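Asks: Dumping the structure here so I can ask a few things about it.
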């Protein structure tokens, strides 16, 4: 079989992955970046949760079973949902900064969790431009998650679950970071300081990506 090319052209479609341990501040920083740079913000977890309840979904039963049994949803499903969400967004948004003339910009949060997901997404959907990697100490993350747990109602915001999530994250996600670091496609950002200080660094990094892409398109 001839190799297939990704659905989206990375010269026009910007994909930035957002990774970091549980409680590293991915969601908070993503919200601020979306506001400033007009990104479409996609979270693999949110898409899966929405899909399991969508009427007529061909993946609903499978996702529900995986969530109930604590197993990982097959990556083909997650990647297809991301592709569909990107497609829908590109049809919907054809004006505004970064969205005219077939352009688009996506911030994909909490994905890829594992190396095989990274390979599959780039092979089938779109090459990424950068991975924003928010890092801080486990003490800081634990404190934030326990604080969140007081109001979030999330069952996994307790010390035992959190420590398990740290282990899984280190084992599964660090190889993804190492892979992209070799390609000079990782911006590691210390997320221990205040939200605004962290954002200032993240904003400068994203600005640089768009400046470079704009210059490449001009050539």
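Cβ coordinates are placed from backbone N, Cα and C, and glycine is handled just like the others.
Feature table excerpt (TrEMBL):
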type    : residues                                          : note
BINDING : 23, 24, 25, 26, 27, 28, 148, 193                  : ATP binding site
REGION  : 43-73                                             : region 'NMPbind'
BINDING : 49, 71, 72, 73, 110, 111, 112, 113, 117, 154, 165 : ribonucleoside 5'-phosphate binding site
REGION  : 147-157                                           : region 'LID'
Asks: Check the Cα-Cα distances from residue 27 (ATP binding site) to the binding-site residues 72, 110, 112, 117, 165 and tell me which is shortest.
Replies: 110
Asks: Distance check, please: Cα of residue 26 (ATP binding site) against Cα of residue 165 (ribonucleoside 5'-phosphate binding site), rounded to an integer number of angstrom.
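Replies: So the Cα of residue 165 (ribonucleoside 5'-phosphate binding site) lies 15 Å away from that of residue 26 (ATP binding site).
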Asks: Compute the C-alpha separation of residue 165 (ribonucleoside 5'-phosphate binding site) from residue 193 (ATP binding site), stating it in Å without decimals.
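Replies: Their Cα atoms are separated by 22 Å.
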Asks: Work through the binding-site residues one by one (24, 72) and point out the residue whose CB has the fewest other CB atoms within 10 angstroms.
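Replies: Result for the binding-site residues 24, 72: minimum number of other Cβ atoms within 10 Å at 72.
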Asks: Taking the Cβ of residue 117 (ribonucleoside 5'-phosphate binding site) as centre, how many other Cβ atoms lie within 10 Å?
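Replies: So the number of other Cβ atoms within 10 Å of residue 117 (ribonucleoside 5'-phosphate binding site) is 21.
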Asks: Between the Cα atoms of residue 25 (ATP binding site) and residue 72 (ribonucleoside 5'-phosphate binding site), what distance do you get, rounded to the nearest Å?
Replies: 23
Asks: I need the most crowded of these binding-site residues: 25, 110, 112, 193. Count other C-beta atoms within 10 angstroms of each C-beta and give me the top one.
Replies: 112
Asks: Calculate the distance in Å between the alpha carbons (Cα) of residue 72 (ribonucleoside 5'-phosphate binding site) and residue 28 (ATP binding site), and round it to a whole number.
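Replies: About 25 Å separate the Cα atoms of these two residues.
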Asks: Consider the binding-site residues 49, 112, 117 and say which one has the Cα lying nearest the Cα of residue 24 (ATP binding site).
Replies: 112
Asks: May I ask for the distance between residue 193 (ATP binding site) and residue 117 (ribonucleoside 5'-phosphate binding site), taken between their Cα atoms and rounded to an integer number of Å?
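Replies: Checking the Cα atoms of residue 193 (ATP binding site) and residue 117 (ribonucleoside 5'-phosphate binding site) gives a distance of 31 Å.
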